[in-house]
Amino acid sequence: MESTAKEMGDGASVLDLDPKYTVDGGVEDVYGEDSATEDQLVTPWTISVASGYSLLRDPHHNKGLAFTEKERDAHYLRGLLPPICITQQLQEKKLMNSIRQYQVPLQKYTSMMELQERNERLFYKLLIDNVEELLPVVYTPTVGEACQKYGSIFRRPQGLYISLKEKGKVLDVLKNWPERSIQVIVVTDGERILGLGDLGCQGMGIPVGKLSLYTALGGIRPSACLPITIDVGTNNEQLLKDEFYIGLRQRRATGQEYSELLHEFMTAVKRNYGEKVLIQFEDFANHNAFELLAKYRTTHLVFNDDIQGTASVVLAGVIAALKLLGGSLSEQTFLFLGAGEAGTGIAELIALEMSKQTKLPLEETRKKIWLVDSKGLIIDSRKDSLQHFKKPWAHEHEPVKDLLNAVKAIKPTFLIGSSGVGKTFTKEVIEAVASFHEKPVIMALSNPTSQSECTAEEAYTWTKGQAIYASGSPFDPVEYEGKVFIPGQANNAYIFPGFGLGLVISGAIRVHDDMLLAASEALAAQVTKENFDKGLIYPPFSNIRKISAHIAANVAAKVYELGLATRLPRPENLVKYAESCMYSPLYRMYR
């Protein structure tokens, strides 16, 4: 080494060392990576035979300590793992113990995401077997906080980011994704993430979370799922000033520039993945959500979970609640707080179901449903100033400026909140609803928990235990005067995984409103007498895969009935067929 140092001379760099001087066992710099300066290009990949080392770092195939002795020999894993071989069940137990140690939900979320990045099958095994415990971790309410802090917790990219920089090259970007057989895409532009507003590019947590549920609850293969964020900028000043923000630092593009990018995206998806790929729009702002759904529902297989998924799950709760209330759907009166995507979408589906049951025209059944927005009750005299999607709900009535007076005037049997504003179902409002009906149905649907119109405890306490309650985010059981009430959760996760599975197994080419009604009816039919006895209007999530199979079967049956199916012939038993198509997270044996 002394002679080497002398040969290097003054001012020479270690990089000038000839490869022959490498210590015994060293590796010559074949690819030029070590000797390259920062401004020189290097090739970041090389074609090589798969090694055990790379297998352990492939989340699709990694089994960790569950690799058998035979597999360790066959795949060059000897010495790369500790000597013990354990089962997937023991791995699951160990990880659940670890996750339960965390007190902060975001830590649990990060732990689950890290697991997904290193061992995909074990991630889904945990989620499927512990769905009631982990659903609030990988989805609402924790995913909202994760999106807010996405720039800080960002480690490895998941999904595709399509920004204005890629305009004119969207098809090429789609081709960069390694999987070719895509069945479901969840896409957002991040403008209205849950009830948290514009989170821009950091909204990626939503498509990633939704597709995790498509696999865990609906059985769609992970490799067939593609999360996408379309980044057109953000109007969130806090994010624009945040040094850790991962998106475009500019105000949101609107108008023609926005429309052109979205149209290029929709065209490229159909060209690259075909007619039968399901595109689920997620957390777009009202004005874009309705426009995109209307524009593409006749040319693509599209579904908006905020408008249609929410509507379907709420209608299922309404149908189930009627078994506790008695009477028919057409005998009920509905009052909504919030007239955006969710509120008008739910109202329309309820009106459609009412029309189907009574054979009355849709214009008539809509009159049983009233909506309140920020300016008060939506009535006929306001029609000229209303956005187009609110106009069908403008009925003849005197002006009413606030929710409390609207409740007193309309006397609803169902009070439904989709406002995105917390604490709006006040004590006075709830007591007024309870004064008109013995068993008022109160659905506080806004997410996350902090934005809920009222808590479960408030609803049960203020109605003296008479309310039938459901919320968008989970609440713990409530004890009131010695009786324990278990609040229902009107979570879209009941509907969209099974709905998507039904479209996939039938090879559907379009989404029709009748398919949403079929999904609602299937979900309502899964509520048992035991559930009703506890005051529940939704079945427990522990049976979600069975529920999803029944929803998928009902939806697929409607697809075949409407002549929109391409998978022919139709299977005889659609429930069994749906179950047989579901992804299993159990480890495979390797040759």
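Here the Cβ of each residue, glycine as well, is placed from N, Cα and C on the backbone.
Just so you know, TrEMBL annotations never went through curation; they're auto-generated.
Taken straight from TrEMBL:
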| type | residues | note |
| --- | --- | --- |
| DOMAIN | 116-297 | domain 'Malic enzyme N-terminal' |
| ACT_SITE | TYR139 | active site, proton donor |
| BINDING | ARG192, ASN447, ASN491 | (S)-malate binding site |
| ACT_SITE | LYS210 | active site, proton acceptor |
| BINDING | GLU282, ASP283, ASP306 | divalent metal cation binding site |
| DOMAIN | 307-560 | domain 'Malic enzyme NAD-binding' |
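In this view, the residue listed as 'active site, proton acceptor' is surrounded by 27 other Cβ atoms within 10 Å of its Cβ, with every protein chain counted.
Shown in sequence order, VAL186, VAL187, THR188, ILE206, PRO207, LYS210, ASN304, ASP305, ASP306 are the residues of the chain, 6+ apart in sequence, with a C-beta less than 8 angstroms from the C-beta of GLU282 (divalent metal cation binding site). Non-local contacts of ASN491 ((S)-malate binding site) by the CB criterion (under 8 A, 6+ apart in sequence, same chain) comprise LEU135, THR140, VAL313, GLY472, SER473, PRO474, TYR538, PHE541. Here ASP283 (divalent metal cation binding site) is compared against the recorded positions TYR139, ARG192, ASN447, and the shortest C-alpha distance is to ARG192. Note on the domain 'Malic enzyme NAD-binding' (307-560): its mean pLDDT in the predicted model is 95. Sequence-distant contacts (6 or more apart, same chain, Cβ under 8 Å) of ARG192 ((S)-malate binding site) comprise ASP198, ASP283, PHE284, ALA285, ASN286.
Annotation for the binding-site residues ASP283, ASP306: lowest Cβ count within 10 Å of the residue's own Cβ, ASP306. TYR139 (active site, proton donor) is 11 Å away from ASN447 ((S)-malate binding site) when you measure Cα to Cα. In this view, TYR139 (active site, proton donor) is surrounded by 24 other Cβ atoms within 10 Å of its Cβ, with every protein chain counted.
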